[in-house]
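Data block below; observations after.
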Amino acid sequence: MVLGHHSLTRQRRSSLCSLSSPNSFLDADQAAPISSPATSSTTITEALTKKVSFEAPYTLLSDRHRATIQAHKPLSRKFLRLPLPAAKHVNPAWGRFSGNEWVTVMGCGAIVLFCPLLALLACICLKHFDGGLLPTLWAFMTTHPVEFIVNYAPRPTAGASAAYGGWLLLQAALYAWLPSPIGYGQRTPAGHLLPYRVNGIHAWVVTHAIAVVAAYAGVLDPAVIAKNWEGLLVAANVYGYLLAVMAYLKAHLFPTHEADRKFSGSILYDFYMGIELNPRFGEWWDFKLFHNGRPGIVAWTLINLSFAAWQFQLHGYISNSMIIVNILHAFYVVDFFVNEDWYLRTIDICHDHYGFYLAWGSMVWLPGTYTLQAQYLARYPVNLSTPVAAAILLIGISGYVVFRSVNYQKDVVRRTNGECKIWGKQAEVIRTTYRTGDGKTHESLLLCSGAYPNFFPQHSRPARWHKADPRIAGWWGIVRHANYLGDLVLSYSGCAVCGVHNILPWWYAVFMTTLLLQRCVRDHSRCLGKYGEDWEKYCGRVKWKLIPGVY
């Protein structure tokens, strides 16, 4: 796997909100670009926006900004002083898909139109159809649209809208004013290295402390989110759309980094996938990091806790299934914030441009669908036997342990430039280079550390392995996306506690499977374009993408 730091979801940040993401690159200078330059064909959109060529010189950092970076250099930046060989492979096509195919454009339009309806439909399903997805869809198809909306659609409320606005302002204030170490992303295609405020764990702790104290003092009903969920979901949808429109207009009218924009020639595709890579207001306020990593993910655990409190108010107890969901999701969320610096080098921040895909996805899809298990269990409790509950909890925690240990191996190799041991054996890396749009060459490491010798064809095994013992020496020598595998185990465990009577609570597992399989394909295509023969060499050493012997 290419190194660097998940995701959300963690790569959990969805196909619509690609959270989450473990497909990061380890670079000696802590930065590797993913997005490709804008296409060279002339379009009306390009003419209107005066697209800047990647060949034009461009400077991002002011003197004060540059001084800040020098004062907070990551350890691995010392390797910048090493002479780098000429890039072996330069392909300006790597990065975001151009979006010219009409099928892709129509698919983007369908997502923009129908996914918000799906998020609202899940709310309708839980409230009016006992959590049954098929009865909900049948009613939707057989009832006149106006009648269906009048009878079932969630209603906006002034209180919920005001509360949602206050929530955004609170998170914005915490993001701007809480003490913050400085983290660094990967180098952008135009050659920029951006600093970020990484105080997410502080924001999470402060927010939950305020909620707990307010609930304990009787100022706040602990189930207030659950009881006002419909109005909050409507408010989030409105804000998600406005955010996507704002991002689209900003990219055209006052972009932060012109050379890192990308235009496809399709207005619809650009609205969905985004034009700007890292939109910012001022020097530090990063649009993408704030919206991807704060309001939705901080709310995730609060939403789960609120529905747990509502279950207690409705039924007089909290089921063991609800407790397990809260534990497993809390593992994920806290891990995300503790390792927020690592998230800066994931697919969400480094590769995906900022449009509806991330804007609406992070504000609606993530909090609305990732919490479906808690929403379901609040109304329809599932009581597991002690052995089953213990087994599911253990499997879920095991998935988290795999997920964390896999990402730790990437991180330690990145920090040491490959000079480290993994599970007692020297890390195996392929050293490669790539070139950014400013003409500079950078070094990357492709981690393929250790595997069973039999995983490799006889002719491609290192000579010392012919007499080596068959011990594993690292996740990345077995499959290219072992972190995804741990993520999926954790996801399915959280859904399993809801039983099998209704499919709706399993939507999260189905979605994560689709998302991560698609990311396996995207990662291969992007890395092949970026690293060329070195990536093919890596794939020859690590054959399997996700499950050894299967895929």
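Residue numbers in this text run from 1 along the chain shown.
Using N, Cα and C of the backbone, Cβ positions are placed for all residues, glycine too.
The model shown is predicted, which means the values in this text are computed figures rather than measured ones.
The transmembrane segment annotation in TrEMBL covers 102-126 (among others).
Beyond the transmembrane segment (159-178), the same-chain residues lying 6 or more positions past its ends with a Cβ under 8 Å from any Cβ of the stretch are 197, 199, 202-203, 206-207, 228, 230-232, 234-236, 239, 285, 290, 294-295, 298-299. The transmembrane segment annotation in TrEMBL covers 159-178 (among others).
As annotated by TrEMBL, transmembrane segment applies to 199-219 (among others).
Annotated transmembrane segment per TrEMBL: 231-249 (among others), in sequence order. Here the transmembrane segment (231-249) has long-range neighbours at 116, 119-120, 123, 154-157, 159-161, 163-165, 168, 225, 270-271, 274-276, 279, 287, 291, 354-356, 359-361, 363-364, 367-368, meaning same-chain residues at least 6 beyond its ends whose C-beta is under 8 angstroms from one of its own.
Residues or ranges marked as transmembrane segment by TrEMBL: 314-334 (among others). Long-range contacts of the transmembrane segment (314-334) within its own chain (CB-CB distance under 8 A, at least 6 residues past either end) are made by residues 8, 10, 12, 201, 204, 297-298, 300-301, 304-305, 307-308, 370-371, 373-374, 377-379, 381-384, 386, 389, 392-393, 396-397, 400, 490, 493-494, 497-498.
Counting residues 6+ beyond its ends, the transmembrane segment (354-372) has Cβ neighbours under 8 Å at 12-19, 111-112, 115-116, 119, 122-123, 233, 236-237, 239-241, 243-244, 247-248, 251, 270-279, 287-288, 291-293, 295-297, 299-300, 303-304, 307, 329, 348, 504-505, 507-508, 511 in the same chain. Residues annotated as transmembrane segment in TrEMBL: 354-372 (among others).
Only residues 6 or more beyond the boundaries of the transmembrane segment (384-403), in the same chain, are considered here, and those with a CB under 8 A from a CB of the stretch are 10, 319-321, 324, 327-328, 331-332, 335, 475, 482-483, 485-494, 496-497. Residues or ranges marked as transmembrane segment by TrEMBL: 384-403 (among others).
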